[in-house]
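Asks: Below is a structure I'd like to ask you about.
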Amino acid sequence: MSDARTARAESIRALSIPAELLPGDGRFGSGPSRIRDAQMEVLAGLGRSVMGTSHRQPPVKQLVSRIRSGLAEMFALPEGYEVVLGNGGSTAFWDVAALGLVRSRAQHLVFGEFSQKFATETTAAPHLAEPDIVRAESGSLPAPVGREGVDVYAWPHNETSTGVMAPIRRPQGAGADQLVLIDATSAAGGVAVDVSETDAYYFAPQKAFASEGGLWIALLSPAAIERAQRLEAGTDRWVPSFLSLTSAIDNSRKDQTLNTPAVATLVLLAEQIEWMNQQGGLAWADARTRATSSMLYDWAARRPEITPFVADPAARSQVVVTLDIDEAIDATAVASVLRGHGVVDIEPYRKLGRNQIRVGTFPAVGEQDVAALIAVLDHVLDRSN
Ligand SMILES: *Cc1c(COP(=O)(O)O)cnc(C)c1O
């Protein structure tokens, strides 16, 4: 680091940001992300009636039922699709899918850390053939390649580590026996989608759904359900009970999970789904995240020291905005002075290793707070030269 850059970083860290510029809520993380106060109030209010009670009894089963029907409404669930859930978050679902959905060979689009993680699982799985990996550099977007012998196409709707968003369309020429599995962890609930273009649209609730981690949810097509039933009935692989998709399907149909869920996660999730549906559902959420993310991209266009990391405007995420900062200004110092004032989690994905800020613009984050964040960043950058 040059002496000038170091000295500048020190003076950035020492800046004081006027209280009147600060956002009402300073949480801008890309997950875990902001939970609205109203959700926390409901959680506190449920006190003794739900928290600390059995998940095999109506109060908790009703929460699961509200989640399943609320998601069916939000995603206009196509005929025959089911909302299935289980414990372990999206990371667990990769293993569930490697056992219960990939028959022999998957094609993965890999363009960041999260898409790489699922590809790593199917590469290591002894019962599967070497996957077909279509790679693109961080910050850009690869396209699926229709290919025979592939029985699953897998990619993330939004690559949270880079802020690249992908179209959700079945690859050209894809056959009925080729399933499309979409990791929608950071996109689901914040970006419009036609679920009929997918066979498993899966996610965890700590991002656009403003809840806690530890749960996975998958919108499954009839073809995916049938694939899981066939694979798990076969003898070529051992499927641990905890990773059994058919067991999760059976439990979900009864508004249950295989083992004990975190009840607070269910409460916060049910509240957020219903709030979003009341606001106007997925179309509303999509419009809101487009508006808030555009504010940041427009701001970047006005500031010479800021450049969107994703060069292609069409691939820029509307829920995770990644902005590179001129090397002369230390982005960690910027994130750090904001953190000192209660504006948190705008650090970039650690392994990406860029001089960057990353802002989560999920549906719980309103325009007023994004405007305030921009004012705070202007205040800091105007004093960084
Ligand atoms: C956060 C995230 C994950 C990991 O989710 P966990 O619930 O922590 O396992 C996976 N994929 C994407 C795209 C994510 O953003």
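Keep in mind that glycine also has a Cβ here, set from the backbone N, Cα and C atoms.
Remember, it's a predicted structure, so these values are computed and weren't measured experimentally.
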Asks: Going by TrEMBL, F114, D183, Q206, N259, T260 bind pyridoxal 5'-phosphate; tell me which of T123, T160, T162, T246 is listed for that site too.
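Replies: Record check against TrEMBL: pyridoxal 5'-phosphate site with F114, D183, Q206, N259, T260, extra candidate from T123, T160, T162, T246 is T160.
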Asks: Calculate the distance in Å between the alpha carbons (Cα) of R56 (L-glutamate binding site) and K207 (N6-(pyridoxal phosphate)lysine), and round it to a whole number.
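Replies: About 27 Å separate the Cα atoms of these two residues.
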Asks: Within the set R56, N259, T260, which binding-site residues show a CB-to-ligand 1 distance under 6 A?
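Replies: What lies within reach of ligand 1, judged by Cβ under 6 Å, is none of the binding-site residues.
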Asks: For a quick check of understanding: given the listed pyridoxal 5'-phosphate-binding residues F114, T160, D183, Q206, N259, T260, what is the maximum Cα-Cα distance in angstrom, as an integer?
Replies: 29
Asks: Looking only at the domain 'Aminotransferase class V' (150-343), what is the mean pLDDT?
Replies: 98
Asks: Provide the number of Cβ atoms within 10 Å of the Cβ of K207 (N6-(pyridoxal phosphate)lysine), excluding the reference atom itself.
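Replies: Around the Cβ of K207 (N6-(pyridoxal phosphate)lysine), 29 other Cβ atoms lie within 10 Å.
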